[in-house]
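Everything below concerns the one structure shown next.
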Amino acid sequence: MTAPDPLTLALGMPKAELHVHIEGTLEPELAFALARRNGITLPYADEAALKAAYAFDSLQSFLDLYYACADVLRTREDFYDLMLAYLKRAAADKVIHVEVFFDPQTHTARGIPFTTVLEGLEDGLAEGLARYGISGRLILCFLRHLPEEECLATLAEVEPWLERIHGFGLDSSEKGHPPSKFVRLFARCRELGKPVVAHAGEEGPPAYITEALDLLGAQRIDHGVRAVEDEAVLARLVREGIPLTVCPLSNTRLCVFARMSEHTLPRLLAAGARVTLNSDDPAYFGGYLNDNIRAVQEAFHFDAATWYRLARNSFEASFAKATEKAGWIARLDKYFAAAGVSPGCG
């Protein structure tokens with residue numbers, strides 16, 4: 001029996017996605033459909049014109065467009081359609097578990113009730129489970145470009161629905177907004193007993209990773225690709241087994257790295273970091289999870305054992321129950337065994 005090549009294995013293996021912003025899955029076609037449904041005029045002639053605007057030179061240039069497009073999301077049905085469209089794409093990439101970020105402040109600032117957002121996304125997750133067998137959790141992210149007081153007010157507003165929120169995160173513009181700006185906010189999040197994640201070390205320095213761990217209590221670092229610039233930070237991530245949810249296509253599209261061959265992913269893996277691969281904002285960055293896998297494999301030619309490790313990391317780093325993780329890893333092991341591959345890790 002001839003074993004499949006590593007790319008074929010990686011594309012077909014069961015996997016989890018732990019770093020995807022649901023607002024960042026809004027494809028131009030759906031954006032225009034929702035705009036028509038809600039009587040909104042987008043500042044672009046058509047889908048092609050909107051797609052042409054997806055040429056970013058920084059995180060901020062992307063965020064400006066990201067928030068403008070989110071304006072088409074108005075109703076519970078809109079958020080349902082958005083979630084279900086993402087889950088359909090994820091299922092095609094053999095994703096079986098997702099932990100999805102959402103930004104309520106982006107919507108409540110426009111007068112959209114929090115319950116409209118939450119219920120629409122939950123409806124989509126329920127339908128995605130029924131149709132595709134994908135399990136899903138919601139992680140509420142706070143916008144770091146806003147004052148901490150506004151974020152604390154948002155947290156107070158959502159407390160009645162805590163049992164439906166799986167964790168809290170920190171996203172948006174990293175430069176000039178260090179984790180230390182949100183110490184009180186995340187102290188309260190921890191008091192509420194929820195897992196904490198934070199974007200750090202994308203455009204910001206490795207010191208932001210340390211702040212996220214020490215001051216916010218982050219259990220996963222979203223991005224973290226600049227950890228290699230500080231040996232002590234990288235060594236700590238490895239020693240403590242802190243997962244990094246890395247998003248390769250995002251990093252190249254936002255010019256964190258000029259090209260994929262310059263990405264720090266191989267260095268992180270070589271150091272022993274617990275890396276997972278993710279799509280971040282796939283509608284804007286040219287690819288969902290398997291597109292990221294293709295781009296990474298083209299640049300680095302990873303072997304089957306590395307792809308097994310990345311998939312296993314994605315399950316182990318999730319906030320799911322231990323029994324769920326064990327079941328997913330068993331599926332992964334069975335998949336590799338059926339392909340005649342012994343990854344030699346685990």
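Cβ atoms are placed via backbone N, Cα and C, with glycine included.
Those TrEMBL annotations? Automatic predictions, nothing curated.
Residues His19, His21, His199 are given by TrEMBL as Zn(2+) binders; from Asp123, Asp280, Asp291, Asp303, that same site also lists Asp280. Looking only at the recorded positions His19, His21, His199, Glu202, His223, the one with its C-alpha closest to Asp281 (substrate binding site) is His21. Around Glu202 (active site, proton donor), the C-beta neighbours below 8 angstroms that are at least 6 residues distant in the chain are Leu59, Glu174, Asp222, His223, Gly224, Val225, Arg226, Asn251, Leu254, Val256. The Cβ of His21 (Zn(2+) binding site) has 27 neighbouring Cβ atoms from other residues within 10 Å, across all protein chains displayed. Close to the recorded Zn(2+) site, the chain also has Val20, Gly24, Phe101, Asp171, Asp222, His223, Thr245, Cys247, Ser250, Asn278, Asp281: residues not among His19, His21, His199, Asp280 whose Cβ is within 8 Å of the site's Cβ mean position. The number of other Cβ atoms within 10 Å of the Cβ belonging to His19 (Zn(2+) binding site), over all protein chains shown, comes to 31.
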